[in-house]
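Below is one structure, written out as structure tokens; comments come after it.
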Amino acid sequence: MSSAQLVRHSRKLRGLYNALDSERSGIVRYFSAASGSLPTKGNVLLVSAGVEKRIGGARCPQCQQPGKELERSKVSLGGLNGSYILKTSPRNCMLNIIIGPNSSLSCGQVASARSFSTSTGLPPHQEIGMPSLSPTMTEGNIARWLKKEGDKVSPGEVLCEVETDKATVEMECMEEGYLAKIIHGDGAKEIKVGEIIAVTVEEEGDIEKFKDYKPSTSASAAPVAPSEPTEPTEPKVEEKEIPKAPEPKAPKTKEASRPGDRIFSSPLARKLAEDNNVPLSSVKGTGPDGRILKADVEDYLAKGGRKEALVAPGLSYTDVPNTQIRKVTANRLLSSKQTIPHYYLTVDTRVDNLIKLRGELNPVQESSGGKKISINDLVIKAAALALRKVPQCNSSWMNDFIRQYHNVNINIAVQTEHGLFVPVIRDADKKGLGAIAEEVKQLAQRSRDNSLKPEDYEGGTFTISNLGGPFGIKQFCAIINPPQSAILAIGSAEQRVIPGSTNGQYEFGSFMSATMSCDHRVIDGAIGAEFLKAFKGYIENPTSMLL
């Protein structure tokens with residue numbers, strides 16, 4: 001859509017068609033960096049090569065500075081010829097840029113560009129994409145919309161709840177307007193990051209125009225075509241015409257028939273086939289040169305390929321769909337076992353003194369209105385102090401170097417009906433037992449409510465998994481949580497008969513098993529043993545943790 005068409009169909013810019021007849025020109029609109037609010041009517045500045053025209057008001061709406069006093073700054077606009085001068089306010093007003101006729105700069109090349117209609121008849125609007133709410137997030141699900149189509153939205157208001165690979169997170173609105181169209185409704189799954197999920201408009205009267213709106217998928221291709229010269233495209237056409245069509249197909253058919261030959265497929269197709277236990281050799285590719293695409297695997301599954309691969313005759317079963325959290329947990333743990341050289345160290349620690357100290361501290365906690373201190377809280381504190389004493393275990397493998405962290409942030413594994421969560425206790429070595437107990441209970445409750453925020457689980461340097469207290473597991477080996485280099489698995493405490501202080505006498509003692517899984521690239525055996533020695537010392541002499 002050309003700039004002239006944009007001006008002709010825009011309510012705010014109607015009547016400016018003649019102003020754009022000059023050679024390359026652009027329209028600049030002022031936005032407030034502080035509030036993000038829209039400009040008032042009439043504050044439009046037309047800029048071209050050596051010529052500028054002001055239409056409407058003469059002042060920036062937010063900083064109230066006259067147009068003639070605005071500072072000038074030259075900018076380079078994606079390889080466009082000519083001198084372009086944009087005016088910025090002394091008070092950091094942001095500019096929203098629309099390039100005029102004969103230009104090759106797309107909206108995607110300007111960070112602050114507003115998303116305008118690409119089809120005739122649609123007013124200015126903003127497309128809202130699926131946000132990336134965690135470092136590992138590639139796709140998300142819409143749990144539910146808190147706003148419905150037609151509602152007015154303001155900055156800071158919650159639009160919807162997004163289920164990420166870690167938790168369910170509230171997505172806030174960034175700009176004032178009206179929610180015109182919801183592209184993906186409640187329960188929509190596997191939406192790629194950046195994919196359009198909704199559309200907002202500035203004027204309430206424009207909502208009805210987006211009733212049948214469908215987002216464009218070819219916007220990113222616009223800037224590529226003008227930048228390519230016409231000469232290189234001709235050899236490309238000739239290259240396609242020189243080889244005959246039957247020649248590449250014939251060897252591909254033969255290759256597919258031989259089990260030892262390589263099968264070409266897209267990454268998405270390979271992942272989908274792997275998740276559904278579908279052999280790629282049984283899928284017919286429809287891509288270039290027989291390449292297997294995601295759609296080919298989906299067609300194979302739709303035709304009963306999944307049942308043939310997984311279900312034996314006469315078996316009754318129920319397919320339980322995987323949540324986003326389950327998928328990411330599975331992929332990360334598989335990657336951990338495949339890429340990290342695990343080894344395991346186990347130590348038995350006597351916990352009689354630990355249990356005694358807990359019994360002395362809890363009455364004090366209850367009298368002051370605090371939360372009860374659990375054995376797990378004492379374990380977290382002991383592990384944090386041991387990491388401070390042996391910092392080599394508080395590290396990550398970074399290929400070219402080992403990163404040793406100065407903060408001791410302990411992740412704790414929490415199993416819920418929604419999946420496995422690992423909220424983090426930050427600077428656990430510096431916090432008291434009461435503060436740790438309070439924070440653990442709050443994070444555990446948020447995990448069960450599926451309401452953790454990214455700051456609740458990101459930035460951990462060491463993980464503790466306790467299956468002893470809740471489930472009575474005596475001893476187990478946990479899988480390292482990348483990019484960390486170790487995880488401590490805590491078993492249950494059990495009474496054992498041990499030799500007494502004098503010959504011929506015996507006594508009972510409570511012992512707890514602790515197994516440390518280590519990344520051998522980062523933690524040598526002696527270093528891991530040194531950590532467990534320090535950990536055991538704090539557990540068996542818990543009063544030293546209070547010093």
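The backbone N, Cα and C atoms fix where each Cβ goes, glycine too.
Per TrEMBL, these features apply:
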COMPBIAS  215-230  compositional bias 'Low complexity'
COMPBIAS  233-261  compositional bias 'Basic and acidic residues'
DOMAIN    125-201  domain 'Lipoyl-binding'
DOMAIN    264-301  domain 'Peripheral subunit-binding (PSBD)'
REGION    210-262  region 'Disordered'
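Here the domain 'Lipoyl-binding' (125-201) has, by DSSP, the following mix of helix, strand and coil residues: 0 helix, 39 strand, 38 coil. Note on the domain 'Peripheral subunit-binding (PSBD)' (264-301): DSSP counts are 23 helix, 2 strand, 13 coil. The domain 'Peripheral subunit-binding (PSBD)' (264-301) scores a mean pLDDT of 86 in the predicted structure.
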